[in-house]
Amino acid sequence: MFEGIPARYAVAVVAFVNFLYVYMVRLNVNIVIVAMVNYTAIPHTNITTAEECGHPEAAVTQVTQKDGEFVWDEKIQSLVSVSFFWGYIITQLIGGRIAERFGTKYMFAGAQMTAGLVTIGLPVLARTGTEFFVAGRVLLGLAQGVIVPSIQPLVAKWAPSGERSSISTFIFSGAQVGTVLGITCSGLIADFFGWEAVFYIQGSLAAVVVGLWLYVVYDSPELHPRISAKEKDYIKSSTFTPSSKRLAVPWMSIATSIPCWALLVATLGNNWAFYMLITQLPIYMKTILHFDMKSNALLSALPYLVMWILSLLVAQFADLTARRGWATTNVIRKTANTIAKLGPALCLLMVSFTGCDRLSTLVLLVMAVGLQGAVFSGFLMNHLDVAPYFSGTIYGIISGLASVNSWLAPLVVASLTEAQQTLAQWRIAFLLCSSILVIDAFVFLLFGSTERQPWDKENN
């Protein structure tokens, strides 16, 4: 397997597959919840929407489509979705530090298997009680919280400078592919076999992706038994090489670093937009635009497919620009980030006033999510720019703090739309998200930096 392929690309492919799996099991509940919930048993759910955006085909769908077994109102649905991040916040920093000190390989594998086992158990927990299902989601967050930050140190050791945007974007774009597959497959599996099958099938896949990870991925080129001497020398000559001695984490320097604060603001804005849309889009599709389960799954996945394609195209162009010297790294990062924030902000502003026009709304929502693909060449690469030695720690700190918006955004939207599934309330949600993205874009543009910070170097 992977014979004839450079070791760094094989590692990137397997990391991509595992990242895909991470997001597939993280987000499956956001589409499955449409099949789990008995919407007709919730008072007020279909009153105002029928008046505002009634569609002829929607009436037929509502008669034939079977409702779920759980009577969860908007706040409980949001709670189920966002409870994952309560655990996720706690273990973010732990994952980054462990990866920097002891390596990524085995910690990642253990966390991934734990996530798979928890996913298999979610149907039993749901029927035991809502609080048990929420606890399972928190446990899933705890497991996955150590996974994502551990990728940063791995990329720092494996991705040559001229390929860093492409390799890093390819790995992290597994999030978009995982989102697409998670939403699409979850919707189809739930429609044909029941919502429980989604958790059983996807949870069992952990054994496959972890086995692949253990066979292919090593913490550094020096530890890889099948890498060629030529490739090892090439990677070593153009990547960050960690110091042989352990450096103390400069906590105060990180806390007072303006580029790190700019990075935090960029991550906060990104998380608000990404998780508001990923958790609420299926609900908007069902309650406002009146799409059935299969259509909802396919259309909710489409924006993330576009996001994945755009992320790869932007990354290739970013690396080409860097190699040719057409622009500095600072210009590349800030341009990509500005596209990824102001573009969606404009689209969401327009969505706020498209009303019940299904086609215009869908096109704008696809563009709003798709343009976010540029973040992988923007702020998401910035940890490696400012502090390659402590990239895992910084990623863990910032991602952990910014995870607050990952659950706050869906809760705010749920509060806005509770008992008021109307265009007016959704307009407030879209305009709020648009405003946050504009602030995010300008803060990073003014205060972000790609200069390696002095406190990241050994002599400090």
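The backbone N, Cα and C atoms fix where each Cβ goes, glycine too.
Those TrEMBL annotations? Automatic predictions, nothing curated.
Pulled from TrEMBL, these are the features on record:
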type: DOMAIN; residues: 14-452; note: domain 'Major facilitator superfamily (MFS) profile'
type: TRANSMEM; residues: 7-24; note: transmembrane segment
type: TRANSMEM; residues: 76-94; note: transmembrane segment
type: TRANSMEM; residues: 106-126; note: transmembrane segment
type: TRANSMEM; residues: 132-155; note: transmembrane segment
type: TRANSMEM; residues: 167-193; note: transmembrane segment
type: TRANSMEM; residues: 199-218; note: transmembrane segment
type: TRANSMEM; residues: 247-266; note: transmembrane segment
type: TRANSMEM; residues: 301-318; note: transmembrane segment
type: TRANSMEM; residues: 338-355; note: transmembrane segment
type: TRANSMEM; residues: 362-381; note: transmembrane segment
type: TRANSMEM; residues: 393-416; note: transmembrane segment
type: TRANSMEM; residues: 428-447; note: transmembrane segment
Exercise. Return the stretch with the most CB pairs under 8 A relative to the transmembrane segment (106-126), choosing among 7-24, 167-193, 199-218, 362-381, 393-416.
Key: 199-218
Practice problem: Check the domain 'Major facilitator superfamily (MFS) profile' (14-452) for me and report the mean pLDDT. | Solution: 83
Quiz item: Which one of these stretches, 132-155, 167-193, 247-266, 301-318, 393-416, has the most C-beta pairs shorter than 8 Å to the transmembrane segment (362-381)?
Solution: 301-318
